[in-house]
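Below is one structure, written out as structure tokens, with a few remarks after it.
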Amino acid sequence: MLTPSILILFGSQTGTAQDVAERIGREARRKRLQCRVQALDSYDVVNLINEPLVIFVCATTGQGDPPDNMKNFWKFIFRRNLPPTSLCQMDYAVLGLGDSSYAKFNFVAKKLHRRLLQLGGSALLPIGLGDDQHDLGPDAVIDPWLLDLWGKVLGLYPVPSDLSVIPADTPLPSKFILNFQDETAEISSDEQHSENRSPGELPSEHKPFLASMVSNQRVTTESHFQDVRLIEFDITGSRISFTAGDIVMIQPQNSASDTQQFCHLLNLDPNRCFVLQPREPDAPCPIQLPQPCTIQHLVSHYLDITRVPHRSFFEILACLSHHQMEREKLLEFSSAQGQEELYNYCNRPRRTILEVLGDFPHSAASIPPDYLLDLIPPIRPRAYSIASSLLAHPLRLQILMAVVQYQTRLRKPRQGLCSSWLASLDPRKGPIRVPLWVRNSTMTFPSEPNTPVIMVGPGTGVAPFRAAIQERVAQGQTGNYLFFGCRQKDKDFYCESEWQELIQRGFLTLVTAFSRDQEEKIYVQHRLREHGALVWELLDQHGAYFYLAGNAKSMPASVSEALTSLFQSEGGLSGPDAATYLTSLERTMRFQAETWA
């Protein structure tokens, strides 16, 4: 009798959906089920018709968008020519991860669930909709959903009578084996990123381009609470090309002090050299890691030791711990009953993996090196809107970046890994090279030269519009209308001199909202209402395109409300007609948004 096999496919932007998918994979193995866990875009989707049982774990990003690692799958599964019986042999379940504070909560999972039904798939159980806004996070939904899932799966594929379920406190085999070498090795970051790229190959996540940092300038005053940087890179020889609205992906690394502390806690020799070997013969090794590799390189460039750990971290660490008191606490944190305490210990204060290991020193010291890649997820690249145009700055790429730093109840301030790392780099002190590549954005600007564009970009949301304005000015295009918002004119008015020069030359109309320069706070949505007649005329009479970029929390909804309001006040539309007008702008790509959490 063949061992039952489950396919677990995930679409993950920040790593949470991947972590949940791998958790389901571990639970399947404990129930003696064979399983494969893959990103949706790494799976050959034409084979889906032959899969008997598939579990989909999907996040929703931005304004209802699929994660980057499932976009190809998304295009394929919604082809109109797919027969309605394509998946009639497949049982499936869909688990969504989202945030109910967004209008399109779990949109991707809901739409996928409906599509799989249309193609003949049979749902094992109702869709699960995890919610970040729940007091206990998405696990409040995931835990009972998984209980139902395993009840259904084991009804189809019971545990063989001659075997038993592997207990939750027994460690499963690691995914990889670190075969240590007798000699030490020096791994050059330059070699690792560039040696495998052919001369004509464009930089990518697996083979980024090492761009020289040219400048790193703070564009807010020293007295302002927020450190914002305008950083320029030299991309000569990269073959990188981009247009306004595109995204640059940057691969950060851990600080030398954090790397050293991690190695000390785990009693690891940073200079020790190893060759990584998958335990499963057909499993790939992480392409980002060189072979052979040093512990130093693994920790500094690959393991995300400064992220807040997922629940799975405590589950795996508990299995590996030999210290009774620490093990009991780790088991509590990994249990369904311990999620409120885990949230208060870890998620609320944003405690990092490195800090947790420091709180459990005996367990940290007993971690076998083979389990490092099971325990700690990889560092994920960070996305930044490109803030410059190649027409204005040939062979250069600029970003406008806020340095993430904030305080919780923990003594040490919380810091964003990538922004803090980039801010610490000073090209005046010596050559600095940063791994990066470019990704096309969904935001596109009109090709017709006389089409006006209205751009709403508060804070660093102005970055893609700086690129667009530079690009349009270089092509002689006027009709550029920018609504920019920040706190105070004399502290965080980015690129003020640039804007003033373009205004004088007749290329830019600028409307500002300085929220803290008067008693009553004023934001970009207020300025849109004040200039409602101009906005309506541009949209309705001149075919203008409207763009929005910035924080995805409340600003997009506030701007949309301001638009529908001015459509009524200036255009004389009814409430329903104003909503329909906005929808038509979105459908024809004359309203576009690029937002981030």
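Heads up, residue numbers simply count up from 1 along the chain you see.
The backbone N, Cα and C atoms fix where each Cβ goes, glycine too.
Just so you know, TrEMBL annotations are computer predictions that nobody has curated.
Annotated features, as they stand in TrEMBL:
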type	residues	note
BINDING	ARG350, ARG382, ALA383, TYR384, SER385, GLY416, LEU417, CYS418, SER419, TRP596	FAD binding site
BINDING	THR460, SER515, ARG516, LYS521, ILE522, TYR523, VAL524, GLN525	NADP(+) binding site
COMPBIAS	190-206	compositional bias 'Basic and acidic residues'
DOMAIN	6-150	domain 'Flavodoxin-like'
REGION	187-206	region 'Disordered'
SIGNAL	1-17	signal peptide
*asked:* When you rank THR460, LYS521, TYR523, VAL524, GLN525 by Cα distance to SER419 (FAD binding site), which of the binding-site residues ends up on top as the closest?
replied: THR460
*Based on Cα distances to ALA383 (FAD binding site), point out the closest of the binding-site residues THR460, SER515, ARG516, TYR523, GLN525.*
THR460
_Is it possible to get the count of other C-beta atoms within 10 angstroms of the C-beta of ILE522 (NADP(+) binding site)?_
16
_On a C-alpha basis, identify the one among ARG350, SER385, LEU417 that is nearest to ILE522 (NADP(+) binding site); the candidates are the binding-site residues._
SER385
*By CA distance, which of the binding-site residues (ARG350, SER385, LEU417) lies nearest to ARG516 (NADP(+) binding site)?*
SER385
*Among ARG350, SER385, LEU417, which are recorded as binding-site residues, the nearest neighbour of SER515 (NADP(+) binding site) by Cα*: SER385
*Cα-Cα separation of THR460 (NADP(+) binding site) and ARG350 (FAD binding site), in Å?*
24
*asked:* Considering every residue in the domain 'Flavodoxin-like' (6-150), what is the mean pLDDT value?
replied: 92
*Around VAL524 (NADP(+) binding site), how many other CB atoms lie within 10 A of its CB?*
25
*If you measure every Cα to Cα distance among THR460, SER515, ARG516, LYS521, ILE522, TYR523, VAL524, GLN525, the residues said to bind NADP(+), what is the biggest one in Å?*
19
*Out of the binding-site residues ARG350, SER385, LEU417, give me the one sitting nearest to LYS521 (NADP(+) binding site) by CA distance.*
SER385
*Could you tell me the maximum Cα-Cα distance in Å between the residues recorded as binding FAD, namely ARG350, ARG382, ALA383, TYR384, SER385, GLY416, LEU417, CYS418, SER419, TRP596, rounded to a whole number?*
26
*Using Cα coordinates, what distance in whole Å links ARG350 (FAD binding site) and TYR523 (NADP(+) binding site)?*
29
*Among the binding-site residues ALA383, LEU417, which residue has the largest number of other Cβ atoms within 10 Å of its own Cβ?*
LEU417
_Alpha-carbon distance [LEU417 (FAD binding site); GLN525 (NADP(+) binding site)] in Å_ = 32
